[in-house]
Amino acid sequence: KQTLAVLGVTLAMLLAPALVESGRPEVARGAAVLGVMALWWVTEVLPLPITSLLPMVLYPLLGICSASELAKVFFDATSMLFVAGFLVGLAVERWGMHRRIAFSVVALVGGGGMTALIAGFMGSTWLLSMMISNTATTLAMLPVADAFLASLPPGTERFQSGFLLAIGYAATIGGIATPVGTPTNAIFLSQYSLFWPDEPEFSFATFTLAALPLSGCLLVVTWLAICVRFVWRARTPLQVDDLRAFTRSRDALGAWSYEELVLC
């Protein structure tokens, strides 16, 4: 019944522009397609990837624009850059490189105490988020973080909440640093070339050189805020009892594989 209701509303929305007098009918039809996509996204009557391709079918069918004009928007350089970022992220997760980075950094800096351990987790998340989306990075780091939090004694729930927040913040901050770190960066590059076509191209290197220092500064400020709020002002001192589990996990990964070296 829900599917039939959604399809009925969809048909009504697509027919509505024909009943409305407009000096630019293609604009009204485009708004109808936008409304249909929003409806299908919310109700999930079809998988989201299929819904995202609705304009490829409906725009030429309703005379909004030609398929060749639309293809230039869907498959421009920015879109391909974003697709490449997704592929790199999938490869990192497929070959377990995120675990190697996390275990290595945490085992390296964890001996400096709780603040250094937080810095290690945040730094690992920050680095991964430059290549993988923020959500995927956070999900990839959660098992490692849970293994550490499970070793803490009772009464540290407040610190555990702050620790998870630190990972989420680091993933968001890392996404700022590169064009493929988060979708909004790719959208910026697309809008930049659209509004300033005569300006030099905003390349991957140029974007990273401009955004990386800002991202690094935000990471340090966030780390300080987490330490002040959840470590330095804690009622009871927090101690890291044993980091050998992270060292063993790192050693269990063995030597770098060919695939990991290619990703580097």
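The chain as shown is numbered from 1 upward.
Just so it is clear, glycine is given a Cβ too, placed from its N, Cα and C backbone atoms.
Because TrEMBL annotations are produced automatically, they should be read as predictions rather than curated entries.
If you check TrEMBL, you get these features:
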- 39-234: domain 'Citrate transporter-like' (DOMAIN)
- 1-22: signal peptide (SIGNAL)
- 38-61: transmembrane segment (TRANSMEM)
- 73-95: transmembrane segment (TRANSMEM)
- 101-122: transmembrane segment (TRANSMEM)
- 162-182: transmembrane segment (TRANSMEM)
- 202-226: transmembrane segment (TRANSMEM)
Exercise for review: Report, as numbers and ranges, which residues of the same chain sit near the transmembrane segment (101-122): CB under 8 Å and 6 or more residues beyond its ends.
Suggested key: 128, 141, 144-145, 148, 163, 166-167, 169-170, 219, 222-223, 226-227, 231-232, 238-240, 243, 246-247, 249-250, 253
Check your understanding: Where does the mean pLDDT land for the domain 'Citrate transporter-like' (39-234)?
Key -> 82
